[in-house]
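What TrEMBL annotates here:
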- B:Y15, B:G42, B:K109, B:Y132, B:N187, B:N292, B:R388: substrate binding site (BINDING)
- B:35-405: domain 'Aminotransferase class I/classII large' (DOMAIN)
- B:Y72, B:S108, B:K109, B:Y132, B:N187, B:Y218, B:S246, B:F247, B:S248, B:R257, B:N292: pyridoxal 5'-phosphate binding site (BINDING)
- B:K249: N6-(pyridoxal phosphate)lysine (MOD_RES)
2 protein chains.
Amino acid sequence: MTTINDNYLKLKAGYLFPEIARRVNTFAEANPDAQIIKLGIGDVTEPLPEACRTAMIKAVEEMGDRSTFKGYGPEQGYSWLREKIAQHDFQARGGDIDAEEIFISDGSKCDTGNILDIFGKDNTIAVTDPVYPVYVDTNVMAGNTGPVNERGEYEGLLYLPITAENNFTAEIPSDRVDLIYLCFPNNPTGATATKEHLKKWVDYARANGSIILFDAAYEAFITDPSLPHSIYEIEGARECAIEFRSFSKNAGFTGTRCAFTVVPKTLMAKTSSGSDVELWKLWNRRQSTKFNGVSYIIQRGAEAVYSPAGQSQIQQLVDFYLENAQIIREKLTAAGLTVYGGVNAPYVWVKTPSGLSSWDFFDKLLQTCNVVGTPGSGFGAAGEGYFRISAFNSRQNVEAAMERITDKFKAL
Amino acid sequence: MTTINDNYLKLKAGYLFPEIARRVNTFAEANPDAQIIKLGIGDVTEPLPEACRTAMIKAVEEMGDRSTFKGYGPEQGYSWLREKIAQHDFQARGGDIDAEEIFISDGSKCDTGNILDIFGKDNTIAVTDPVYPVYVDTNVMAGNTGPVNERGEYEGLLYLPITAENNFTAEIPSDRVDLIYLCFPNNPTGATATKEHLKKWVDYARANGSIILFDAAYEAFITDPSLPHSIYEIEGARECAIEFRSFSKNAGFTGTRCAFTVVPKTLMAKTSSGSDVELWKLWNRRQSTKFNGVSYIIQRGAEAVYSPAGQSQIQQLVDFYLENAQIIREKLTAAGLTVYGGVNAPYVWVKTPSGLSSWDFFDKLLQTCNVVGTPGSGFGAAGEGYFRISAFNSRQNVEAAMERITDKFKAL
């Protein structure tokens, strides 16, 4: 008989977002008149920038003419897009990244999962706790972990707690690990990393032959000029880091789908016999064999992000969501809650009041204010007692939600 | 030190299409005036159907209005697209497939590779020879094979020869295998399968607990009404087959990117302890965790394929390429060559004359006629002595290429 990948059976059944949906649906059925406001999932709500739309319409029209029609493109993405990314997102900020080191994809979720294809099965892996669940689940599916315990932790993963006590920046592990997932600005806590903090990670990785998998999907929300947008702003990162970037949150591409991954040609890892291999070659082979590139139309839309009009329009989008975050921070603080993040990040990380568990606070907020957020414990055991509020919503919804919390907070 | 996936080192270095490009470039540099016509890679050349373009422009415009803007869509695809596919491509032809069993993706290349994620490592795997190289290479990368031998065959794979002697339909194996890749209409040979032939495979799979991975990317080219377009037209296939479909070749989406995979909810495989698990649940989990759905804009373009205008326009495209195939068949036959395929398929499979090897014929055709095709041996050892000519090109190029071959064939 054909067998399945048994590792899938290790995955926790009660995944975070389906469980949220279940509780919201139950509440909505029992309270059909409730106007529920969802500040849970980090999905954008505002229109796609005009520059991107104009470019995509032009690209669709080109597809209608034999002389400008595009069939298969390069699996790695078109060079006109890769070059603009290398210049604007890296070289302009002092990051020494070449266009050939950029691989265009249809999403960071895909890339952060697929990257495991090119690594061995014997690597030790560290994640922060709380953490974006995809890093963990894809390792489980790839067979890089043992079973889950009652705290929701998988055997074989090293969990690095990030809490208010350590300012939401994980301590460098005392033991060696091979692969380290870092996400700054952080999902879910909204924390950021200074250059000094990242330098410690880079130094650690280089000293230990480790690889940092750096998720910078939220870099556009950094307003503090001292904070790095890319790990390649740190000396030595070309020797130890892969970076994931996305157009989802800066340009509102969550439904349009374009992202990219940076694999420097100087990044090496070992064969089982101890020889060095360029990870760029492996990722290039992986993408060439298992991927056929992003739609020409969508790549033209992404390219428009780098036009002067596009740059101005995405800045307006980012500013808009950051203003939402500021409103959330101010209103929750005024209501007596302790909040973190939301300054250089679109997520506000709330300490639950009165020692409530994350899920108890979720239920109270839903029942009392009809507002949905995300329980911190859903992102990991150390997220217990925290709660994520997303700034990705309309101003009207954000203000209405905060008004309800302000009015009814005493009941919480 | 971080280790790599050593299985990548087993992959043959001289991949088919890069080697073709190398030889063509060398020839072009030495012969700068040569007008080279490429009938190698199976990439479409004609404009995207108007119905699809109109739908995509409308979708782009919707993205510009807050009230119609789309963020994250369902990872499995929008139901309006899945329902149309289920109805038109399956139910209308007697295939009992529900919309929920259809997973929209950005390409069949991705899906045929990614599907291995959900299977165990101990399955025995059969491929035809010649074969679409992605099936083999993704198994190598996943660690499902041993090293390659001098014939280009990987240890641990069962190769089923398809040649003129067996009418390009593989014999059912005498031994049990778990996973079987079948592709009809076939790439590269252009062969088709009757319902009776597929029934034998379905019966074999059901008797042995095997799973058929059925690639129907070229089904639109079937003109013979007796031939099945889908394996689900065969009784029992819901219990043993996954089917891959694409908009690349029927609607010219190679650069636009949309495809889908069908996983019936009745399809089971075993855990290592022998329990049954629904493969639908595993694929759903895989796609939900490692994929974020296809662009809304592109899905609207794919949906338009099923409108009356879209159906008429894709039929014109298919007819156009089939006429190319007919011209190729006729001209090559008249030139004294023996040809197969090209009737219900966009590929013509040519027997090389005078016992020439596939690569020798490639070189002669390039040097004498300045025409590029694909050496059959690049698709597997049993493809030696054959040559693939693609019908995906302009009429002008096809006619010019055939004229050159007719004129200069004596020199070959």
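Numbers run from 1 along the shown chain.
For all residues, glycine too, the Cβ spot is worked out from N, Cα and C.
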Comparing the Cα of B:Y72 (pyridoxal 5'-phosphate binding site) with the Cα atoms of the binding-site residues B:Y15, B:G42, B:K109, B:N187, B:R388, the shortest distance belongs to B:K109
Rounded to the nearest Å - Cα separation of B:N187 (substrate binding site) and the residue listed as 'N6-(pyridoxal phosphate)lysine': 12
Farthest-apart CA atoms of B:Y72, B:S108, B:K109, B:Y132, B:N187, B:Y218, B:S246, B:F247, B:S248, B:R257, B:N292, residues recorded for pyridoxal 5'-phosphate, distance in Å: 35
Chain A contacts from recorded positions B:G42, B:Y132, B:N187, B:S246, B:K249, B:R388, C-beta within less than 8 angstroms, listed by sequence, come out as none
Between the C-alpha atoms of B:Y132 (substrate binding site) and B:S246 (pyridoxal 5'-phosphate binding site), the distance in angstrom, to the nearest integer, is 15
For the binding-site residues listed here (B:Y72, B:Y132), which one has the lowest count of neighbouring CB atoms within 10 Å of its own CB? B:Y72
Work out how many Å separate B:S248 (pyridoxal 5'-phosphate binding site) and B:G42 (substrate binding site) at their Cα atoms, rounded off. 10
Between B:K109 (substrate binding site) and B:K249 (N6-(pyridoxal phosphate)lysine), what C-alpha distance do you get in Å? 13
Distance, B:S246 (pyridoxal 5'-phosphate binding site) to B:Y15 (substrate binding site) (CA atoms, angstrom): 24
One of the binding-site residues B:G42, B:N292, B:R388 has its Cα closest to the Cα of B:K249 (N6-(pyridoxal phosphate)lysine), namely B:G42
Taking the Cα atoms as reference points, how far is B:S246 (pyridoxal 5'-phosphate binding site) from B:R388 (substrate binding site) in Å? 21
